[in-house]
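Copied over from Swiss-Prot, here are the features:
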TRANSIT   1-76  transit peptide
BINDING   His131, His133, His189, Asp208  Zn(2+) binding site
BINDING   Asp135, His136, Asp208  Fe cation binding site
BINDING   Arg246, Glu247, Asn248  substrate binding site
Amino acid sequence: MPVISKASSTTTNSSIPSCSRIGGQLCVWPGLRQLCLRKSLLYGVMWLLSMPLKTLRGARKTLKITHFCSISNMPSSLKIELVPCSKDNYAYLLHDEDTGTVGVVDPSEAAPVIEALSRKNWNLTYILNTHHHDDHIGGNAELKERYGAKVIGSAVDKDRIPGIDILLKDSDKWMFAGHEVRILDTPGHTQGHISFYFPGSATIFTGDLIYSLSCGTLSEGTPEQMLSSLQKIVSLPDDTNIYCGRENTAGNLKFALSVEPKNETLQSYATRVAHLRSQGLPSIPTTVKVEKACNPFLRISSKDIRKSLSIPDSATEAEALRRIQRARDRF
C-alpha cells in the first residue's frame, strides 16, 4: 500500500466544495458552501498568478474575525472561529455551546485572541499547541496568566512549550467538553508535532504539518516521517475539515499549477480561492478530499508532477517528496 494515495489519472470538479450565505454573511465552511463563482476560470487563474508572494502582515485588519461564520454542517455543539494573528498565521477559537468551554489552537500572539474573547465575553479554558515554534505558542504565557487556561501539547515538547500542563502522545484520546479529541503524532516539520482530530465534528487542526496545497518544511524531521504523517491525514474521511496554521493557499496554488497545469480540479480550486481572497475572505478550512485531488505533496505518484520535475519513476515516495519540496523552495 503506497504511503500517499495514488493520484487518479483524471480529476473532476466534484472535489471542490461550495459556499453559502447564512444570516447575510458569507460562510466559508466546507459542506455549506454554495458560492456562485460567475467569474471565469481564466480570470481566477490570471488574478492568482498576478498576486505578489507576500505575507498578510495586515491580516487582523483585512480579515476581521467578525466576518467569519462559525456554523458547522455537523450535528455538533462545537463551533470554530478563525483568529488572524501575526504575519499569515491563524489561531482558532473553539467554543462548546452546551458548556461554554473555550479553547484556542496555536495562539502565535495573545492580543487578537484576547480581543476575540472580550468581544464574545468568553473565558479561556484550554490552549492547544500543535508544536513548539514561537509562531504557534507566542501567546501562551500571557493567555495562561490572564485566564488560567491549561496548556496542552506533545509530551515530546514538554521542555519546549511554555506553561504546558497536559502531555499527550500518539493515539491518546482527550476530551474537550464532551468532544473526543484524538491525538495524531505527526512529526516531520518538528519531532514533537501533533495534530488534534475531532471525529465528531469532522475537523482536524494540523498546525504546520499540511497546508492547503503544500506541507511544512522539514525543520527537524525526515521525508520518511513527513510521508508517514501525511498518510494519517489522507486516511481520514474525505469530508474532514483541515484547519492549518497559515493563510498561504494563494502562493501554494502558483507552485501547484506550475507542476500539474492540466489538473482540472486544481484549476477550479484556483478560481474559488481567487474569488475568496479577492473578497478578503479566508481560504481555510480546506478538506481532505480537496487536498487529495489538488495538493502536489499528496500526489507524488502523479505522472504529470513527476514529469514536470524530472522525478524518475524509480524514485521512492520519500525521494519524490524531497524533490517536490526542493522545487517548491526554489520556486
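Quick reminder: no glycine exception, Cβ is built from N, Cα and C everywhere.
Sorting the binding-site residues His133, His189 by the number of other Cβ atoms within 10 Å puts His189 first. The subset of binding-site residues (His131, His133, His189) lying with their Cα within 10 Å of the Cα of Arg246 (substrate binding site) is empty, i.e. none. DSSP assigns His133 (Zn(2+) binding site) to coil, not to a helix or a strand. Between the CA atoms of His133 (Zn(2+) binding site) and Glu247 (substrate binding site) there is a gap of 17 Å, rounded to the nearest whole number. The Zn(2+) site, placed at the center of the C-beta atoms of His131, His133, His189, Asp208, has further neighbours from the same chain whose C-beta lies within 8 angstroms: Thr130, His132, His136, Thr190, His193, Gly207, Leu209, Gly216, Ser219, Gly245. Of all the binding-site residues listed (His131, His136, Arg246), Arg246 has the fewest other CB atoms within 10 A of its CB. Fewest Cβ neighbours within 10 Å among the binding-site residues Asp135, Asp208, Glu247: that distinction goes to Asp135.
Apart from Asp135, His136, Asp208, the residues listed for Fe cation, the same chain places the Cβ atoms of Asn89, Asp106, Ser108, Thr130, His131, His133, Asp134, Ile137, Gly207, Gly245, Arg246 within 8 Å of the centroid of those Cβ atoms.
The number of other Cβ atoms within 10 Å of the Cβ belonging to Asn248 (substrate binding site), over all protein chains shown, comes to 21.
The secondary structure of Arg246 (substrate binding site), as reduced to three states from DSSP, is extended strand. Separation of the C-alpha atoms of Glu247 (substrate binding site) and Asp208 (Zn(2+) binding site): 11 Å, rounded to the nearest whole number. The Cα atom of Asp135 (Fe cation binding site) lies nearest to that of Asp208, taking the binding-site residues His189, Asp208, Asn248 as the candidates.
The binding-site residues shown are His131, His136, His189, Asp208; of these, the one with its CA atom nearest the CA of Asn248 (substrate binding site) is Asp208. Calculated from their C-alpha atoms, the gap between His189 (Zn(2+) binding site) and His136 (Fe cation binding site) amounts to 13 Å.
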